[in-house]
Structure formats: structure tokens, C-alpha cells
Ligand code: NDP
């Protein structure tokens with residue numbers, strides 16, 4: 001890392017102790033930015049990096065609610081409004097027991113650059129809670145969401161901060177959150193949340209967008225080497241929103257997806273995953289992958305273990321941060337891997353990224369490859385603002401155009417900075433330059 005940036009990074013780390021994921025995300029971005037500061041020393045004088053690493057606002061709040069037996073439960077809620085240089089804060093809410101400030105800040109920091117890469121007018125933010133929706137009844141999830149929104153509502157708004165879903169927050173949760181926002185404010189403000197249901201202000205393609213977009217980005221990377229998804233053997237981690245839609249899109253393009261996982265284990269289905277059955281099990285019944293294995297012949301279920309042990313030519317990590325380490329990366333490379341598209345945020349550890357890059361594997365980092373979700377959220381905001389709703393075909397065409405644009409911008413930036421094919425460098429510099437320009441123009445705020 002450039003020594004000037006290393007000094008700034010060290011200060012950021014010491015000002016934010018105990019936030020390992022935030023430290024990792026900051027370090028990874030700083031490692032790419034030395035050459036930009038050589039060309040533009042004015043960025044150092046304006047302390048752009050120091051400002052970017054300090055969120056504009058951080059909100060931490062108590063979320064009290066009662067479970068079905070009447071017992072009082074207390075969770076912690078977060079919203080980190082990182083950067084409004086390019087538009088209202090935009091980023092999802094994550095409900096998972098692992099959530100703490102360091103995770104929300106890593107996600108919010110990544111979101112700034114991701115959102116810049118989309119070319120849409122959206123700033124960066126993220127939020128969530130250590131609430132675990134798994135095993136909770138609909139009524140408990142509703143009471144939790146209502147309590148969460150009872151505090152959050154005063155901080156958000158269509159021109160201020162526009163949350164969406166992430167791990168543990170899907171259509172059901174967005175519905176309860178929107179209902180409570182409307183009730184408190186007495187305003188039908190569609191643009192305050194994205195990921196809404198289609199009949200009440202949502203956008204077609206939003207549920208599919210992150211997974212679809214990841215596959216579209218990966219397909220563009222494959223094309224640079226004269227290849228495509230057609231005929232590839234694909235392994236996906238996770239079996240939530242992003243994973244399921246990545247599987248669906250990859251198979252539409254002619255790939256066979258042979259494995260996916262949840263936090264309990266993974267399935268291997270050599271015939272190609274049956275997407276309709278997977279949706280039924282995970283989205284409708286909210287059941288485990290064991291259920292998929294029990295209903296389809298020829299499927300192996302492996303409890304625990306790593307899905308990355310299954311050989312593949314394309315890997316799509318779509319579960320969570322740091323789920324693919326250096327050893328797993330080395331195994332994948334030995335087994336014939338040619339490309340990785342990150343559907344999740346920061347799923348590959350820094351060691352894993354080095355293994356992929358050393359082996360000249362096509363590697364699409366999450367902040368570029370999974371930007372289709374937030375881009376389609378911005379399309380949802382556009383439809384809400386004009387009180388319009390677009391067809392599936394039109395919205396999917398816009399998503400494809402945006403993903404191809406992000407790919408090309410990352411590739412062109414990597415070329416410009418002398419490291420062709422390095423999408424990590426391309427994404428970090430491409431996103432940063434846009435935000436930095438806006439910050440310089442807007443003065444010291
Ligand atoms: P979901 O909650 O729908 O699914 C998450 C999946 O990952 C589940 O299969 C879950 O398994 C698994 N998982 C989650 N945490 C862990 C863990 N600690 N260990 C092992 N497995 C885990 O979330 P999404 O699909 O929405 O999100 C997945 C990833 O994509 C996240 O990194 C998210 O930040 C990122 N992302 C999501 C976007 C979106 O639009 N939803 C947009 C951009 C990025 P189990 O059910 O067993 O917990």
C-alpha cells in the first residue's frame with residue numbers, strides 16, 4: 001500500500017477499534033488507490049479519504065418488542081449514513097445475529113463505491129439489527145419490524161435515506177416496515193423504501209436483480225476470454241435471494257449449477273438445481289436444504305463442510321462475508337476454476353482474492369458484480385417518482401445495460417491504470433473517483 005494512504009488507514013483503524021470487517025473493507029479499497037493520489041494530489045489536501053471513512057451520521061438504537069409468549073425482547077438497531085455525495089443514502093437493512101457496528105460500517109463503506117459505479121444518483125448507507133428472524137413467527141417478525149421502524153422513520157425519507165433488504169430482510173420485512181412508516185407519518189411515500197411488493201409500489205425484477213446482475217457481470221468477464229456461461233459447471237454458495245436468482249440466470253444462459261448451500265450444509269445435484277423446487281423450499285416454506293434433498297432423487301446433502309470442495313469452472317459466492325478463504329480458493333483453482341463473480345458482499349477473504357488474482361482467474365468483486373440489486377432499487381425509485389411501473393422486459397433490459405456498463409467501466413479503468421483485467425482495481429478506482437469529484441465540488445462538508 002502507498003505509504004501516504006497507509007498512514008491514513010492506520011488512523012482509521014485506531015479510531016474504529018474492534019471493527020474487523022470495516023478494517024478489511026477499508027484496507028482493500030486503500031490498496032487500490034495509490035495511483036489515483038499520484039495523479040491527483042489535491043485529493044490528499046482535501047482529506048477525501050479521511051472524510052469518506054468517517055460516516056456522515058451513525059444511529060444506534062434500542063428495539064424493544066414482545067415475542068409470542070409475551071416475553072420482552074431487546075435488540076439493537078443500526079443505520080449508518082455514510083456518504084450523500086451522489087444522492088440520498090441508499091443501502092439495505094440486514095437482520096442477522098452477527099450484526100454489529102463493524103459489519104454495518106463495512107457494508108456501508110462498500111456501498112458508497114458500488115452505488116457510484118451504477119451511475120445512478122444514490123449515496124451510500126447501510127443498517128440492520130442483531131435480530132434473528134429465523135424460527136420466528138410472522139407475528140413476531142411484524143412486531144419487531146414495527147418497533148424498528150418506530151425509531152428509524154425519523155431518519156429516513158425519499159430525499160434523505162432509502163433503505164432496502166439484505167440478509168434476513170426480504171419482501172415480508174419490507175412490507176411490515178413500510179406499513180409502520182406509513183402509519184407513523186401518515187404519508188404514502190413510496191420512495192422511502194425499495195424492494196416493495198409489486199402491487200404497492202415495487203419494481204418488477206427487483207427481487208431477481210442482484211443474482212441476475214451478478215451473472216450478467218460474470219458473463220461479460222467471460223466474454224473477454226471468448227467464453228460464456230454456456231456449458232459451465234457452476235457452484236453457488238447460499239440459497240437466499242441472491243443465490244436463487246443467480247442460479248436461475250446462470251441456468252438460463254446454459255450453465256449447470258450443481259451445488260448450493262445454507263448455513264447448515266450444502267447440496268450436490270449433478271443434474272442441475274431445480275429452481276422451482278428450491279424456491280418452494282426456501283422462499284415459500286422457509287425450510288432447510290435438507291428438505292430439497294429429501295424431495296429430489298440423486299441429490300446428496302453434505303452437513304457442514306464447504307461447498308467450495310465441489311469442483312466447478314465458475315464460482316458464485318452469494319451467502320455472506322469471508323465465506324471463501326485462501327484454502328478454499330486454492331482448492332477451486334486446482335479443480336479447474338476460470339471465473340468468480342461475487343454476489344455477496346466481501347465473501348472472499350483477502351487471501352482468497354490473492355489466490356485468484358495470482359492464478360489469473362477472472363474475479364468480479366462484489367461492489368461491482370452485485371450492484372444490480374441497488375441499481376434496480378434506483379429504478380424502483382425512478383418509477384415511484386414518476387408514478388409509473390415498467391414491464392419486466394424493459395426493467396431487465398435496463399438492468400442488463402447497467403451491469404454491462406459497470407463491467408466496461410471497471411475494465412476500462414483497470415486498463416487506464418495499467419493493470420488490465422484487474423476488476424478489483426477498476427471497481428475501487430472507478431467508484432472512488434466519482435465520489436471524490438462530487439466531494440471536491442461540494443466543498444468541505
Ligand atoms: P438471504 O437472507 O436471502 O440469504 C442469505 C443466504 O446466505 C442464506 O442461504 C443463508 O443461510 C446464508 N448465510 C447467511 N449468513 C450466513 C453465515 N454467517 N454462514 C453461512 N451461511 C450464511 O440474503 P441475500 O441473498 O439477500 O444476501 C446474500 C448476500 O448478498 C449478502 O452478502 C448480502 O449483503 C449480499 N447482497 C444482497 C443484495 C440483495 O439485493 N438482497 C444486494 C447486494 C448484495 P441460512 O438461511 O441458513 O442462514
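Every residue gets a Cβ built from N, Cα and C, even glycine.
A strand conformation is recorded for residue 126 (active site, proton donor) in the three-state DSSP classification. Annotated active site, proton donor per TrEMBL: 126, in sequence order.
For 90, 111, 114, 165, 377, the entry in TrEMBL reads substrate binding site. In the three-state DSSP classification, residue 111 (substrate binding site) falls within a helix.
For 210, 241, the entry in TrEMBL reads NAD(+) binding site. The Cβ of residue 210 (NAD(+) binding site) has 31 neighbouring Cβ atoms from other residues within 10 Å, across all protein chains displayed.
Among the features that TrEMBL reports, site 'Important for catalysis' is placed at 166. Proximity of residue 166 (site 'Important for catalysis') to non-local residues of its own chain (separation of 6 or more, Cβ distance below 8 Å) is seen for 91, 92, 93, 94, 107, 126, 128, given in sequence order.
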DSSP-derived class (H/G/I helix, E/B strand, else coil) of residue 166 (site 'Important for catalysis'): strand
CB within-chain contacts under 8 A for residue 111 (substrate binding site), separation at least 6: 82, 90, 91, 124, 125, 126, 374
Most Cβ neighbours inside 10 Å, all chains, among the binding-site residues 241, 377: 377
Assigned element (helix, strand, coil) containing residue 90 (substrate binding site), judged by DSSP: strand
DSSP-derived structure type at residue 377 (substrate binding site), helix or strand or else coil: helix
Cβ atoms near residue 114 (substrate binding site) (within 10 Å, other residues, all chains): 28
